[in-house]
Amino acid sequence: MARGWHIGIIGGSGLAEGVGLDEAQEIPVASPFGEPSGPVITGTLGGVRVTFLARHGAGHRLPPSAINYRANIDVLKRCGVSDVLALSAIGSLREELAPGQFVVVDQVIDRTAGREGSFFGPGLVAHVGLADPVCPRLAALAVEAARGAGAVVHPAGCYVAIEGPQFSTRAESRMYREWGADVIGMTAMPEARLAREAELPYAVLGMVTDYDSWRDSAAGVEAAEVFAVMRANAELARAAVRELVARLPAERTASPIDTVLDHALVTAPEARDRRLVAWLDAVAGRVLG
Ligand SMILES: CSC[C@H]1O[C@H](OP(=O)(O)O)[C@H](O)[C@@H]1O
Ligand SMILES: Nc1ncnc2[nH]cnc12
């Protein structure tokens, strides 16, 4: 039995049905930040507590821009999750990252616009470091787990998060390649930012579904293509999650990410907005008392 671990899984496109938990219970969890994508499903997998949330809601109701990323991370934190693994469909910007293969993201470029990207704000200012937006320990576990499940896994890759919902133009797709991005999606930001603010180690297990639009000879990507590849890979993604929980160290040791708020809050206690402080009971209760 792995002590101290409670794995949060955010299921992306093609993975709204969950990961097949034992003793599963569906629980609506309220958040002061508004409506999460849906109720969480909490249960166990190999004796480890796991809580699942479908990012786009049941039946893929929400486009990337309408997802309440703050509420989603807040409810996972409220459920007592210790670490968050995000499952995502991604486009490939490199020949060697082929559809059907997995990429465990290690860097992110944020090209989203207009999304709520922080739990903090006027009345309680915080600046957390985001140089390394994913947790190396969880990412390494995801690599081993996905390999153990039989997937071809690339252990690193830079993810460019676009606003969407349209896919990129050819010019954009080629520009992202020049910038050094390896894969493309619409959801890892602000998810990664918010997980960090909530002191939740976060990693992205990306499943390559297409080659985006940078290749001269090929037609651009279509949503049907993404879902067809995801349908074919959903079971492999679930197997990777089962492998991950089976490979967790017997005891969860502290991660530096667990305490990033220790030195991040800059607003003087007497200048803090009481309503915002109350909203942050789950995300920052550890440091706000
Ligand atoms: C259905 S194609 C575009 C859609 O797929 C990805 O979703 P997710 O990251 O939740 O798996 C991409 O980010 C877009 O939201
Ligand atoms: N090519 C692509 N662009 C953005 N998001 C995606 N998700 C899957 N494939 C994608």
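Along the chain as shown, residues are numbered 1 onward.
Each residue, glycine too, has its Cβ placed from N, Cα and C.
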Candidate sharing the phosphate site with Ser13, Arg55, His56, Ser88, Ala89 (per TrEMBL), from Thr169, Thr187, Thr253, Thr259: Thr187
CB within-chain contacts under 8 A for Ala89 (phosphate binding site), separation at least 6: Gly12, Ser13, Gly14, Gly185, Gly206, Met207, Thr209, Val226, Val229, Met230
Long-range Cβ environment of Arg55 (phosphate binding site), under 8 Å and at least 6 residues apart: Ile10, Gly11, Gly12, Ser37, Leu62, Ile67, Asn72, Ala86, Thr187
Euclidean distance between Cα atoms of Tyr211 (substrate binding site) and Ser88 (phosphate binding site), Å: 15
